[in-house]
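Structure, as structure tokens:
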Amino acid sequence: MGRLKERFQAFVNNRWLVFVAAMWIQSCAGIGYLFGSISPVIKSSLNYNQRQLAKLGVAKDLGDSVGFLAGSLSEILPLWGALLVGAVQNLVGYGWVWLIVTGRVPVLPLWAMCILIFVGNNGETYFNTAALVSCVQNFPKSRGPVVGILKGFAGLSGAILTQIYTMINFPDHASLIFMVAVGPAMVVIALMFIIRPVGGHRQVRPSDGLSSTFIYGVCLLLAAYLMGVLLLEDLVDVSHILVIIFTVILFVLLFIPIAIPIILSFCEESRDPAEEVLLPRPEQQEAGKSEHDANEIIFSEVEDEKPKEVDLLPASERQKRIAQLQVKLFQAAAEGAVRVKRRRGPHRGEDFTLMQALIKADFWLIFFSLLLGSGSGLTVIDNLGQMSQSLGYNNTHIFVSMISIWNFLGRVGGGYFSEIIVRDYAYPRPVAIAVAQLVMSVGHVFFAMGWPGAIYIGTLLIGLGYGAHWAIVPAAASELFGLKKFGALYNFLTLANPAGSLVFSGVIASSIYDREAEKQAQQHHIQPPVSGSIFSGMFAQDEPLKCEGSVCFFLTSMIMSGFCVIAAVLSMILVYRTKTVYAHLYGKSRT
């Protein structure tokens, strides 16, 4: 009985259990992707026009991206507290919207509805922050794959929730809003005490590589399965019984990863005592903390005091000279003859606060590279319906589903390949960002040309490149600026996404599209609603003019392609600046 209790305790504290629970939370953390499905119900129930609905969409995007409070609370509250706040926000925001749409409470003005949508959608920033913070701390040497898988499941959550709603098959479409309000909150509350750091660096095992491969296999199988189910349900009239079977299989695929912590905790033998000795225990770690800090101060003093010619000596002689200098400095510090100097602020690879990171060029290189790269990708995602219609495709939702799957695979694959770069070659992770941005640049060119079938290739390249950003950037930020304030740093970087979309979609794409639509209207002798304005058609009561042909988004796509190239250049500048950091972080693991 005592052995079973010990095994169960090991299961509860297993870092793979935390990771699997975080995957499940992320599976319902992308509720913003469902806005396109619930907006028609809101529009018809409240008699909104398209302009009013667009304001709700802006509130949704802001809720997705403004995570300052989530990042700050994750540093003050325990992670379960931050998750609870997010669940309450999700429940209150979307729950109130559901009550209004179904006529159970009075209708609120538009500005109040925007606040409710913002509050409801902002809840997912708490889910993202808690999941990433806990798992990055539990898997400090596998940040790329871990972040990629978690962000990938967030991207897939729209498809997962849609499939569940299809199975429930409520005749009232407002029920989808109820599911968005209650479903994620229930999942998060059920799992919130599992999501926490559990000293994952002390749980390294030889089987970790096999466990990671198994998780990747499940992810790829899940993506392929969802792609097939979505296409089948879209193209064929599927019976409700078959939909239920599809959804049950989906749940089975989602639950399969729990086998890893179960096997590790209940089936594997206990760790070899000799292996335990090599790993620091918590009490030993705390006891040696002050000594470690003192050693770091002395080591930094060595860099200032050692003669330059020491670096030119052979390795054995260099280590001998440095050791002698360390002994002298320890003795001098003990006698008070040397005032140990403390460095002003952290260096790359150490723990930064947000304010310390904001004055670093590396941080802004990441931010603007992300703004140009992911901002252009989000513009395609937001305008994919119009882009496909302008090229003559009617089933636009097929491309929306496809880009969601490619987005997922980009996140999973980006994390995996960036980990190979840093693990096997000790090369800076941002080089993977540059590759993703060059891939997106080619994808934008395919959209611009509008060749037959080019939209399929463009959707593939943009989806993969955009998704890769959200696997690689958080991992790179944690490596360069530390884990202590990772929540605040990550949530600031996410602001680059809506900022880029605002410029590319709200200014460039819309104005060029309206200009081309007006030209086509004049050629066909159709009076445009409002002439010569960026906001053409916004205030018109008639149906806005439509643009047809590749010319509608040709210039926009070429501009975004150019900006992706600039983003890749910024990423390569970051690579050049951080070579020594990655050589220090990962070079030792190769020797």
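The backbone N, Cα and C atoms fix where each Cβ goes, and this holds for glycine too.
In TrEMBL this protein carries:
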- 15-262: domain 'Nodulin-like' (DOMAIN)
- 16-42: transmembrane segment (TRANSMEM)
- 95-119: transmembrane segment (TRANSMEM)
- 149-168: transmembrane segment (TRANSMEM)
- 174-194: transmembrane segment (TRANSMEM)
- 214-232: transmembrane segment (TRANSMEM)
- 238-264: transmembrane segment (TRANSMEM)
- 357-522: domain 'NFD4 C-terminal' (DOMAIN)
- 363-381: transmembrane segment (TRANSMEM)
- 393-410: transmembrane segment (TRANSMEM)
- 431-449: transmembrane segment (TRANSMEM)
- 455-477: transmembrane segment (TRANSMEM)
- 489-513: transmembrane segment (TRANSMEM)
- 553-576: transmembrane segment (TRANSMEM)
Open item on the list: Taking only the residues in the domain 'NFD4 C-terminal' (357-522), give me the average pLDDT of this model.
Closed with: 87
Open item on the list: What residues elsewhere in the chain lie close to the transmembrane segment (455-477), defined as a C-beta under 8 angstroms and at least 6 residues from its ends?
Closed with: 132, 136, 143-144, 146-148, 151-152, 155, 363, 366, 370, 373-374, 377-378, 380-381, 384, 387-388, 391, 393, 399, 402-415, 418, 428-430, 432-433, 436-437, 439-440, 442-444, 446-447, 486, 489-490, 493, 564
- [ ] Could you give the residue numbers and ranges of same-chain residues that sit at least 6 residues beyond the transmembrane segment (431-449) on either side and whose C-beta is under 8 angstroms from one of its C-beta atoms?
- [x] 369, 372-373, 376-377, 380, 387, 410, 414, 417-418, 421, 455, 457-462, 464-466, 468-469, 472-473, 476, 550, 553-558, 560-562, 564-565, 567-569, 571-572, 575
- [ ] Using a Cβ-Cβ cut-off of under 8 Å, list the residues of the same chain that are 6+ residues beyond the ends of the transmembrane segment (393-410) and lie near it.
- [x] 33, 36, 152-153, 155-156, 158-159, 219-220, 223, 226-227, 230-231, 234, 380-381, 384-385, 436, 455-456, 459-460, 462-468, 471
Open item on the list: When you look at the transmembrane segment (149-168) alongside the transmembrane segment (238-264), do they share 3+ Cβ pairs under 8 Å, ignoring any pair fewer than 6 residues apart in sequence?
Closed with: yes
- [ ] Could you tell me what the rest of the chain brings near the transmembrane segment (16-42), counting residues at least six beyond its ends with Cβ under 8 Å?
- [x] 48, 53, 56-57, 60-61, 63-64, 83, 90, 94, 97, 101, 113, 120-121, 123-124, 127-128, 130-131, 134-135, 138-139, 146, 149-151, 153-158, 160-162, 173-174, 176-177, 180, 183-184, 187-188, 191, 194-196, 198, 200, 211, 215, 254, 257-258, 260-261, 264-265, 400, 404
